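The structure under discussion appears below in the form of structure tokens.
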């Protein structure tokens, strides 16, 4: 397994829909193993293939549900269903804050549906589905968003959208080709401290 560099916000691979996986699952095993390893070393709860520069509809996750139980898995060609997504300003108390390995070290309140279900193939090529509420639902929406070419900062509203744009510009994350490598570069989220 190899830890791969994580692509930062300005790269086009993050802003275009990924390609549906059509190759045999056996040809994806190294990629999926690398995705799990990269996510783990980055202390992430999810990672989409395009976040490591690969335009394929695959994401991995290791995320807690509302009771704190960890759920780990992989979805290939996922389909997302959700409850209604709120159109109001998200809470400013930290409960709606979301971060992203491709927007390193930053977090912004993000409105998400409270329930989500994902259906797709697992890393063995078997069809499966999982549903969750709260943080797990947020994780599923975030990762499928990546595969659809949507970074979570694209979904922000009001002052959070304006602040995210300023932050992205101030960090120079509008250009393609920028990356950070977990375990090599300083952890932008402060997990090393």
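Cβ from N, Cα, C; glycine included.
In the three-state DSSP reading, residue 142 (Fe cation binding site) counts as helix. Residue 142 (Fe cation binding site) has a Cβ environment of 25 other Cβ atoms inside 10 Å. Among the features that Swiss-Prot reports, Fe cation binding site is placed at 100, 142, 146.
Residues or ranges marked as active site by Swiss-Prot on the basis of sequence analysis: 143. In sequence order, 46, 47, 48, 59, 61, 75, 78 make up the list of same-chain residues 6 or more apart from residue 143 (active site) whose Cβ falls under 8 Å from its Cβ.
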Point to revise | Environment of 100, 142, 146, the listed Fe cation site - residues of the same chain whose CB lies within 8 A of the CB centroid | key: 46, 48, 51, 98, 101, 102, 143, 145, 151, 152
**Study point:** CB within-chain contacts under 8 A for residue 146 (Fe cation binding site), separation at least 6
**Key:** 14, 18, 48, 50, 51, 59, 102
